[in-house]
């Protein structure tokens, strides 16, 4: 059994549940987006709120933080860009006709996915829509982005001459059970990946290895070749919807509504570990220093030894589902639908695990995109997917 942990700080400024938590690239700030229709900016140095972004006309579904600007999307059908210093709204992106549930910032692009069945591309610096991606038969839940330069050989690039103006591609996952890959420059669908029989809830991309991983309500994870569209493997052991994914050094971690996380060796498809002890769906997960941190619908965060699967600590204090977690300077940040941001000290745990990691082969990088989709656990949106397990 793991030891219980107590939060070193509880931030209660929001007046509604927190749906997402984003960490700036430089690690100096955190951004929370809430059911109260506002976003708040927090300093990781003193854990104080240093910004309050108001203007959305409905709840914020997702948020993204850069070093100089913050982005929020909302059920009011819009996306907003904010100055992190002044709190001023710098731009409002209008065009979606339903809830905007996901945004992604890459290069000079801002991508968005919506319940209006479209994804869109915007100029980060202007309130201008650059492209619309239309073809899904139901809402777009999750996004990923890459450049063909990352995956295509020179001779393959020549075959795509018409797309040479821009080699950027957008990947979208939808409740229509498909994943689509789009050329950003033209809006043309490059691939439709067929195989899932349930909504696609999360995506994770490994561009150097030409692989895409998708998790679904059909209880499976599927691996795809993002150049050919070929389905490579199907991971089938979960007994509930696959809600979130994390890829670390060719190890894939999957969190599910079956109350477990599983670790898979990507190269063989072998399931090498199962992390139990959750009393509800696993809504979010993050790997750090040999430790797998999870957040659950049972209102607890947990820390597992990633190799042995042993539960090392339970973080109790939240009252409702933990929607998102971040880690910085050996502090764990958990954001919950109870409206609080809690901060936990994990220095001792990290120190112990780093001793073990010194004996292991150095890491080869990781992907940190997750698709935990906190709205899965909220009845406000009719097309959200029902959880398999009871309270």
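Just so it is clear, glycine is given a Cβ too, placed from its N, Cα and C backbone atoms.
Look at TrEMBL and you will find 11-43, 93-132, 169-192, 193-234, 235-274, 315-347 tagged as repeat 'WD'.
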Field: the repeat 'WD' (315-347), counted residue by residue under DSSP: helix, strand, coil
entry: 1 helix, 19 strand, 13 coil
- prompt: Of the listed stretches 93-132, 169-192, 193-234, 235-274, 315-347, which one has the most C-beta pairs under 8 A with the repeat 'WD' (11-43)?
  reply: 315-347
- line: In the same chain, residues at least 6 away from the ends of the repeat 'WD' (93-132) whose Cβ sits under 8 Å of its Cβ atoms read 61-64, 66, 69, 71-75, 77-81, 138-145, 168, 170, 172, 174, 182, 184-187, 373, 375, 381, 383
